[in-house]
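Feature annotations, reproduced from TrEMBL:
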TRANSMEM  12-30  transmembrane segment
TRANSMEM  42-62  transmembrane segment
TRANSMEM  82-105  transmembrane segment
TRANSMEM  112-131  transmembrane segment
TRANSMEM  282-303  transmembrane segment
TRANSMEM  361-394  transmembrane segment
TRANSMEM  406-424  transmembrane segment
TRANSMEM  455-473  transmembrane segment
Amino acid sequence: MAEGEGRGGGGVAAAAAGATTTFRIGFSLAEIAESLGSSEQALRLILSIFLGYPFAWFQRHFLFQKELYLIHLYNILMGLSLAYFNFGTQFCHSLICVFVQFLILRLMGRTITAIATTFCFQMAYLMAGYYFTATESYDIKWTMPHCVLTLKLIGLVIDYYDGRKKVEDLTPEQQKYAVQGVPTLLEVAGFSYFYGAFMVGPQFSMTQYQKLVKGELTDVAGQRPNSFVPALKRMMLGCFFMLIYTMAAPYLSEEYLLSDAYLEQPFWYRCLYIMMWGKIMLYKYVTCWLVTEGVCILTGLGYNGKDDKGRPKWNASANMKVWLFETTPYFTGTIASFNTNTNDWVARYIYKRLRFLGNKLVSQALSLLFLALWHGLHCGYLVCFQMEFLIVVVERQAISLVHDSPLLSSLASSIILQPIFYVLQQTIHWMFMGYSLVPFCLFSWDKWIKVYKSIYFVGHLLFFTLLFAMPYIRKVFVPRKEKLKKVE
């Protein structure tokens, strides 16, 4: 590409070269993507998140503790450049929502009306985007970063509202995130377009962003953060998962799930395929989040204070707990390790704000409903999160049963049996994790219902049966005296 541009000798030739630059770059990217077995949009996305590293290096070395407006402008420029590189003029959608959000903050102030208006406007804009751009497959389009932006702007107005309250009226968590001053347009835009999190996250608060631009997020006060090595480690870990996904994905595709060849396989094979496919499919998300986490760490945004031994922690922007993700045999463990920033956001701004309902299960169900709608309008999202809710409820009941039953507790604590139980748990865990992800990835009714029919709705049958059978199972395995102790 550089060689082609460098050959222009005169004015006309240079103009012609400039006119064809966009086409040549686009054509080259398309060719590279095709050779990798990927789409051009996917290649643009992965390039965008890796571009965060030189952007972060420049900011860390040349803009650390410089004038705030310069840092805001830099973040805005880099974020808009990535938006234009990926979506062209459709970046205007984010501009509209950011500007409207600034007007809401200024005109409505720290009021419930501002929160309600923000929630309705930002979610309605996102839903309209989903509606007008929806297809039968997953496409990388402007709604992908926009869903991240939507949460960011809703969180901003809630934190801004909390800033009006007295400190003693706030929880420690709310005190940490409450916005005290009045954000400027540059602050709101810089916060929204910060290149390290604009495309795929992670979520972070306005107070964190303000500390970043002031140079306060560093392990040595007044000096650049010593974040290069921690950032490099996360990037390399992300590349490791990208390599695994790249090598395995061609053999574990969604297209095969819908093929006649899959339907012709025996039942056990179909279940095994879903288990392996679900595990590998998640690695593309793991890759993106680890790479972007490294960008955030390099800038300093990942700084999270120091541990008991005085060592700096760089996990403030972590979206993955990799070790937990790879080793936990529980569904709740996977949920706690995967997309953690978004889960924390939902817990902070949705689940905990629904305390007035007085019912944790209802609050959890409504939080999952919000997550499903936030992901998109396809029915597959609702089915996925409904299945997740069902599995988590049954799993918690099963854990409680084992804990309360002397017989089951003794079996579970047996050193000889533990490896067998672990392998069995992991098999069940990933089988039904993959089962839940089928509608999430296939979106439309006719696709995911075809796959579920092929395995006889085994997940729904098993967990609904366990849900209703668990009280009777408890009567068998939990002695009456143990029940009485629990009540006391």
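Cβ atoms are placed via backbone N, Cα and C, with glycine included.
It should be emphasised that the depicted structure is a prediction, and the values quoted were computed from it without experimental measurement.
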Top partner of the transmembrane segment (455-473) among 42-62, 82-105, 112-131, 282-303, 361-394 - counted as Cβ pairs under 8 Å: 361-394
Taking the transmembrane segment (42-62) as the first stretch and the transmembrane segment (112-131) as the second, find out whether 3 or more Cβ pairs fall under 8 Å, excluding pairs closer than 6 in sequence. no
Near the transmembrane segment (361-394), which same-chain residues lie under 8 Å Cβ to Cβ, leaving out any that are not at least 6 residues past its ends? 123, 126-127, 130-131, 134, 143, 147, 150-151, 331-332, 335, 342, 346-347, 350-351, 354-355, 432, 435-445, 447-448, 459-460, 463-464, 466-467, 470
